Every structure is written in C-alpha cells, then in structure tokens.
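Take a look at the structure set out below.
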Amino acid sequence: MESLRIYNTLARDKQDFVPRQPGEVRMYVCGITVYDYCHIGHARMVVVFDIVQRWLRARGYRVTYVRNITDIDDKIIRRAVENGETIQSLTRRFTDAMNADFDALGVERPDLEPRATEFIPQMLGMIEKLEANGYAYQAKDGDVNYSVRKFANYGRLSGKSLEDLRAGERVAANDAKEDPLDFVLWKRAKPQEPAGASWESKYGAGRPGWHIECSAMGCTLLGAHFDIHGGGQDLQFPHHENEIAQSEGATGQTFVNYWMHNGFVQVDSEKMSKSLGNFFTIREVLEKFDAEVVRFFIVRTHYRSPLNYSDVHLDDARASLTRLYTALKDATPDAQPLDWSEAHAQRFAAAMNDDFNTAVAVAVLFELATEVNRTREPALARQLRLLAGLLGLLGREPREFLQHAAGAARTGALEPHEIEARIAARVAAKQAKNYAEADRIRAELLEAGIALEDKPGGSTEWRRV
C-alpha cells in the first residue's frame with residue numbers, strides 16, 4: 001500500500017507519515033469537558049479521529065489511542081454549584097451521557113481514556129520540572145504560571161509571534177502575571193469552592209490548569225515524544241500551543257511529530273456556538289435523524305473543511321446513505337476478505353492515504369454501489385460493505401436500515417406496523433380486483449416516504465425513501 005500523507009498543522013503542509021517506532025502509532029486526542037451534553041462539534045471531532053485510528057489499524061499499525069476526559073475545570077465547578085450536586089456526581093453523569101452519544105454514532109472506544117483527576121501527581125511533577133527549568137513561577141496570588149517569553153519557540157504551532165499576541169493586551173495594575181500571555185499551571189484554591197475542587201501541593205491547595213492536564217496525561221501514557229496529537233481547530237491556540245511549551249519545557253524533547261486539527265461545524269456559514277444560539281446537542285440531532293445518517297453526514301466531508309449543519313444537509317445524507325444500502329439489498333456479499341488489488345479498493349486506499357480524504361473515499365463507495373446495482377455481483381457487494389466498514393458505515397442489514405432508519409425519525413413518519421397494515425389492505429384490494437384502490441394505497445405510502453416493491457410470488461417489500 002502506498003505511503004500515508006498527513007496534513008501537519010506544525011508544518012502547514014502534507015507530510016509522509018513515519019512513526020517513531022516502525023509499525024507502531026501513539027496518538028492522543030483532546031477529549032470532552034464533562035459538564036454538559038455533547039454537541040455536534042464534539043460529534044465531528046470523535047468521528048474524525050475514530051476514522052483516523054481505524055485507517056491506521058487497517059494499514060497494519062499497532063495503535064495506542066488515548067482520548068482524555070477533563071473532569072475538573074472552572075465550568076464543571078460552576079455547573080455543580082448551580083445544580084447543587086457534587087463535582088463527582090456531575091462528571092459521572094455527563095461521562096455516561098457522552099459514552100452513550102458516542103456509542104450511538106459508532107465511535108469505537110479509545111484504548112485509554114484517562115480522567116484528569118487521576119493524574120494530579122503527574123501534573124504536579126511536571127509543574128515542578130518546569131519551575132526547576134526556569135519556565136514556571138508562583139505569582140503573588142498563589143497561582144503557578146508559565147512564563148511564555150522563556151520558551152523560544154512559543155507560537156510555532158499557531159504561527160503567532162509574541163509581539164502579535166501582545167498587541168492589544170492590557171495588564172491590570174494588580175495583575176499577578178509577569179506577562180499578560182503567561183498562562184496558569186496550578187490555580188490556587190478559593191475559599192468558596194466546593195469539596196473535590198482542590199488538591200494539596202507544595203504550592204498550596206489548588207487544581208491544575210487545563211493545559212497541563214493534557215501534557216501530563218499524554219507524556220505519562222505515550223511517552224515524552226509521540227506520533228500524533230489531534231483535536232478541533234479551536235484548540236490549536238492556545239491549548240495545543242501551550243501543551244507544546246509545557247511538555248518541551250519540562251522534558252527537553254520534541255513533544256509531537258504530527259498535529260492534526262478538524263474544521264469547525266458551521267450553521268448558516270457561522271461557527272456553531274452557544275452564544276449565537278445556533279447550538280445543537282448530539283441528543284437533539286438524534287431525535288430527528290438516525291445515528292448512522294449523522295455519522296455519514298460527517299464522514300462525507302473532508303475533516304479539515306468546514307462542515308455546514310442543517311436539516312436539509314442531513315436529509316440529503318439520509319437519502320445518500322439509503323442509496324448505498326439499497327445497492328446491498330438484493331446483492332448478498334460473499335464471505336471473502338477485502339481484496340485490496342481490486343480497482344475500487346485501490347482508489348479508496350489512495351483517498352484515505354491522502355490525508356484521510358473521506359470525501360473522495362465516499363465517492364468511490366457510490367461508484368462501487370453503481371456497479372453492484374448493475375451486476376448484483378457478490379464480490380463487489382462484499383467490497384462495498386467492507387470498504388464502508390472502514391468508515392464505520394453499512395454495518396446493518398440493508399432491509400433493517402431501509403425499513404427502520406432511513407427517514408424513520410422524521411416527524412409523522414409511519415411506524416412499521418402501520419405500513420404493514422396498509423400493505424395488507426392493498427393486497428386485499430388487489431385480490432378483490434379493486435386495482436384503483438390498490439394504486440391509491442401505493443401512492444399514499446409513497447407520499448409518506450414509503451416505496452413498495454412487489455416480488456415474484458406475490459410478496460411485497462417496503463423501504464423508506
């Protein structure tokens with residue numbers, strides 16, 4: 001198989017992927033802060049990196065995939081206080097909700113899923129190293145901060161210079177930071193904070209800053225220097241920039257070789273956000289659309305491109321996925337393994353090896369579906385199912401999807417028992433030679449999004465359209 005090329009944010013270009021250890025990939029992705037239900041932007045991130053790890057494994061790599069959980073944070077503390085519940089109760093509840101949402105989307109669990117609160121000693125150890133190396137200082141307010149001007153390569157990932165970043169910054173008269181760009185490593189506990197919000201340390205009771213959490217977990221679980229670090233585009237600066245400064249300042253080694261960032265989800269060409277009121281949780285979306293349709297909607301756009309969310313686009317994704325399942329409905333795949341020498345498989349692999357270009361890979365699936373429709377060839381049906389499976393798609397029985405998932409979540413959609421009752425009435429009308437009534441029922445069902453197919457022998461199959 002040809003070499004894999006990955007767009008490396010650090011290099012601002014595609015590069016051949018060469019893992020540090022032959023045949024082995026270590027990858028860290030910034031996960032969720034568990035204080036609320038996950039939104040469609042989170043869905044995109046986890047589906048994107050789910051596909052990355054699936055493709056790496058398909059290429060034969062031994063992958064260690066780490067995706068963390070942030071279970072201590074200012075937002076978590078505020079929400080727990082607002083709700084009158086403990087931090088642990090809040091984070092446990094939303095971790096369970098997160099897992100349910102991601103499972104529904106067909107996202108495979110990471111190999112390791114560390115919780116920030118499990119790594120407090122490692123975070124403090126890294127902070128102490130940074131202090132010893134001259135990168136950290138304890139301010140007069142008790143916080144421990146990172147001194148960005150001490151790190152020569154600060155801004156390399158984001159392409160921002162310290163001078164550009166300082167432009168427009170104003171330092172308050174009582175600001176404890178030496179530089180307005182300095183960021184917190186350890187936040188001193190405040191008297192009004194609830195139980196479970198702080199830990200004892202040589203710097204006094206407090207909790208870790210967000211950035212040090214990922215540095216410590218990544219270095220502890222994958223080593224000081226690993227292959228791939230990923231996350232949403234919004235994390236490039238300051239989070240990932242700060243991770244580099246912390247990790248390399250503490251260890252003296254290159255932190256990560258390849259940085260990957262997925263693009264934003266947009267609504268009406270604006271970034272989705274709570275402040276704009278164009279915010280959709282995964283649960284809200286799954287009330288209207290089948291989970292595999294949502295996954296397909298994400299997969300068919302290249303991960304670095306903006307993803308425009310709308311019901312119209314999801315309806316189109318449903319119709320497109322229905323086309324793929326329809327191709328498999330009357331062509332049973334054979335039981336042979338995937339044939340990588342076959343032309344469609346080669347084009348699919350070429351797309352995926354070109355920076356995980358799922359948009360082109362999905363186009364290959366439609367080319368293959370056209371051939372399956374034309375030939376009903378079991379070998380081609382197998383290729384379609386197995387290639388789609390590498391994207392986490394087409395894993396269900398076609399008739400199950402076509403009858404129960406393709407459009408079933410639409411408002412007013414007919415239930416299966418209602419459809420079967422109308423088919424029975426149509427059969428009775430045909431037996432009574434009342435063909436006008438039989439045609440009326442067929443047209444009525446089609447208007448409701450149900451297509452009928454009369455089979456030899458007198459049976460009738462149906463599917464949603």
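Numbers run from 1 along the shown chain.
For all residues, glycine too, the Cβ spot is worked out from N, Cα and C.
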For the record in Swiss-Prot, which of the ranges 32-42, 318-328, 340-350 is the motif ''HIGH' region' one?
-> 32-42
Could you check which of 191-195, 236-240, 271-275 is flagged in Swiss-Prot as motif ''KMSKS' region'?
-> 271-275
Tell me the Cβ neighbour count for Cys214 (Zn(2+) binding site), meaning other Cβ atoms within 10 Å of its Cβ, over all protein chains shown.
-> 29
Outside the motif ''KMSKS' region' (271-275), six or more residues from its ends: residues with CB under 8 Å to it = 39-41, 264-265, 309
Note the mean pLDDT of the motif ''KMSKS' region' (271-275), expressed as a whole number.
-> 75
Per DSSP, how many helix, strand and coil residues does the motif ''KMSKS' region' (271-275) have?
-> 0 helix, 1 strand, 4 coil
Please compare the binding-site residues Cys30, His239, Glu243 by how many other CB atoms fall within 10 Å of each one's CB, and tell me which has the fewest.
-> His239
Helix-strand-coil residue split for the motif ''HIGH' region' (32-42), DSSP-based = 3 helix, 3 strand, 5 coil
